[in-house]
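Some features that TrEMBL has for this protein:
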ACT_SITE  B:K80  active site, charge relay system
ACT_SITE  B:S155  active site, charge relay system
ACT_SITE  B:S179  active site, acyl-ester intermediate
DOMAIN    B:25-471  domain 'Amidase'
Amino acid sequence: MTVTDLLSYEDALASYDPVMGLEVHVELGTRTKMFCGCSTELGAEPNSQTCPTCLGLPGSLPVVNAIGVESAIKIGLALNCEIAQWCRFARKNYFYPDMPKNFQTSQYDEPIAFNGYLDVQLEDGEVFRVQIERAHMEEDTGKSTHVGGATGRIHGASHSLLDYNRAGIPLIEIVTKPIEGAGVRAPEVAKAYVAELRELIKALGVSEARMEMGQMRCDVNLSLRPPGREKFGTRSETKNVNSLRSVERAARFEIQRHAAVLSSGGTIVQETRHFHEEDGSTTSGRIKEEAEDYRYFPEPDLVPVAPAREWVEELRAGLPELPRLRRKRLQEDWGIADHEMQSVLNAGALDLILATMAEGADAASARKWWMGELARHANETGTELAAVPITPAQVARVSALVAAGDLNDKLARQVIEGVLAGEGEPDQVVDARGLKVVSDDSALGAAVDDAIAANAAIANKIRGGNLAAAGALIGAVMKATRGQADAKRVRELVLERLGVQG
Amino acid sequence: MTDIIRLTAAQSAEKIASGELTAVEVTEAHLARIEAVDEKVHAFLHVDREGALAQARAVDAKRAAGEPLGPLAGVPLAMKDIFTTEGVPTTVGSKILEGWIPPYDSTVTKRLKAADVVILGKTNMDEFAMGSSTENSAYGPTGNPWDLTRIPGGSGGGSAAALASYQAPLALGTDTGGSIRQPAAVTGTVGVKPTYGGVSRYGMVAFSSSLDQGGPCARTVLDAALLHEAIGGHDPMDSTSIDAPVPPVVDAARSGDVRGMRIGVVKELGGEGYQPGVVQRFNESVEVLRELGAEVVEISCPSFVYALAAYYLIAPSECSSNLARFDAMRYGMRVGDDGTRSAEEVTALTREAGFGAEVKRRIILGTYALSSGYYDAYYGSAQKVRTLITRDFEKAFESVDVLVSPTTPTTAFPLGERVDDPLAMYLVDLCTIPVNLAGNAAMSLPCGLAPEDGLPVGLQIIAPALKDDRLYRVGAAVEAAFVKKWGHPLLEEAPQL
């Protein structure tokens, strides 16, 4: 990989004002494809979920998936968009082997939803309004696997394998208006926007929006201009940035790269860029000297979509609680401060906490584990919290063991450590590591007697009514049992042995 | 045997239903006829002998078991090679699909099978239905049974020639700019372009999606109506299919009563530039209609003069996109795949070798017309013309029930005469194209032979959308009057093959 000149982020922002445009593709979770009845289930044998229509066989015709249209309208409404009274599909013509018809059935100048906005909350709680240009319906392409090359890209490959199972899966493309005025916070705004959009899509139930599965994909358009200038600079388009963290990194990298080019007197080439997860860099892709000519025209095989106003209003009325409002409600339910809620959100812990609660844990303990031990682990290993190798069910189990008195916090941390290390379910770790709390009176009794014998002076203080001194004896017992004793029971035994009422 | 092949579809069905003939006998008679004459005519690209006989045997078994038979049960049909047929080759007259065996049936194919119609095979056509003479077929031209050195029309020349040479009593066509009506006109047969959306396009290989319409071809108006009814009606697999019952075409064909109907002669379709014999026979037809009790008036449709220009922007534009899928990746021909070439190179080599000159011409035309910077001037303007033409029709149908015109400006011209002059070839469809642009229904039926060359002339009847039954009412009346006048159907004057 070639080394790219970068200006420091601070210097870049001192000299330039970034403008961004974000294009997000969301694969809808409909049971069938956008224009045929084939299943959209992931992970099936290649080309097993195809038919004449999604293979583009001669003579085949598309029929619109009504759930796809409904999902698009829901997304539009949740993004505060206007919903078209009447709109058409259009053909986007270009040749690519994974596109069965060599045109993509999409929408062009008549999107189903347009002119909206999404309010996103930044890490310090500031709310930034991102204007939405449009949301339109289209179909996904098939998937090419390039074999024999070094990078998995087509360049240098000996041949390619085509899987059309994905061809025709409904997509909604959501395009922002140019995001101006974010300044130094532009990368953060980009990340927060995609995060908020993902939450919204999930809340609507129209897609699981799992970025790691390609169900949500983001293209980051970015340009710089000198502060105060109205005209946008030349932009680059970083394609397929597929995690929240990557969105932020890609924007940041491009700001630094553009700034380096511009400040050394160079010009930015309008091109697509590939993003590299390993080091957060981008490299040159396809050069777009002229706008590509897709020869759009209205799709003659489909009739216009004209959603009845009553139906649109029905959908609006049926929208679920939207993420920002839901977060507010949860914060109140949990009785936590703004900054605590913000750190839950920043850590990407909200859904994990809720999932853990759904598995039976109480809110406080679910929050404690995810925001403590697990967040630390994520930080240390440089992964997203959701990617930490433990499930909400496992966290809930640990929490249940603590609640039942089978584990104390110290032991629970060891159990979690075991689960993260791949030692199995929490109960297996408890057994394998022998981490059960010792509350067996005969075993504890001996340890308590030893502690009293070894600390006669303290014992006397306790006998004299100084209950606070019991801590020292409990500590000694805990030490002797390597932390596995049930501290509460130890205290009871100490007081009992010394003949004091607790 | 000769008698069987000269029966109409309605007569054959009746004889099969009554047990006078078996479906196998009828099928065998037609297969024998194909064997005897098709080497000369070249109407068929593929004869499905086994499939046809199996279908015929099934009909006979049904009858033997006392099951009810449909109105066309056991009647043979020649299918234009543009409809997909599961397990039976479908080439669309192109090299690029040579050897392709579709894994699915078109809706029309399915409906014909369900109606127990016997599909004899697939007929020749201009490649991808682009042409007016069948000379653009990659598999050689078809001869006109009236004169084998002349064109049978196109693109559905194979289907029309099969009817005119008694190789089948029924045939299927598709009409994008006249591909059913013009072949019918020049072969002395009947062809109907139903209202757009009246017959499903699912499984009909697309040329120009907003214009393509499948329809019936036959030797009589009633047979066409019976076939129309069998293939028509709503299909959930085709979004542009009309969700309404098939108009009462069979009843209309049986009635043939035009008394009190108002008929408009389109001023812009006829006169100067039309062959004198065509004009003469057309004028006689108008007289016949008047005699039958119809009221005839002249109607002006001023926008029709732009129809051809608009058509040659819209149709190529859509075709440039529809034919993009032929890229050697998934089916059909593949050229140059020797392990060293890229997918793009293989696609280019395949398209170069697989598409004929006319197809390439239209792909290039359409690609250009849709290009950014040209779109508004070409595709956009053409769509506006389309709207104007539709308005002309709407206005005309405020004062008349149907419109009439000659189907074609001339009778069948010699094979080879216009192959190097695309513009002259395009003019053949002058009278038929406005109907496709507006989505109306139209029929062509024989109205005599041009005195100067003794070749058939077609009368075109045009009805408003969804009023296809009017075509059959007027068509049946004209047909009956002419047969009475001539003493026999026109086709009996065709030379023996």
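Here the Cβ of each residue, glycine as well, is placed from N, Cα and C on the backbone.
Heads up, TrEMBL stuff is auto-annotated, nobody curated it.
Sequence features, as recorded in TrEMBL, placed on the structure.
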| residue | record | DSSP (3 states) |
| --- | --- | --- |
| B:K80 | active site, charge relay system | strand |
| B:S155 | active site, charge relay system | coil |
| B:S179 | active site, acyl-ester intermediate | coil |
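Every protein chain considered, the tally of other Cβ atoms within 10 Å of the Cβ of B:S155 (active site, charge relay system) stands at 34.
The Cβ of B:S179 (active site, acyl-ester intermediate) has B:M125, B:D126, B:A129, B:S132, B:G154, B:S155, B:G156, B:G173 as same-chain neighbours under 8 Å, each 6 or more residues away in sequence. Non-local neighbourhood of B:K80 (active site, charge relay system): B:K122, B:T123, B:M125, B:G156, B:G158, B:S159, B:A171, B:L172, B:G173, B:T174, each in the same chain, at least six residues away, with C-beta under 8 Å from its C-beta.
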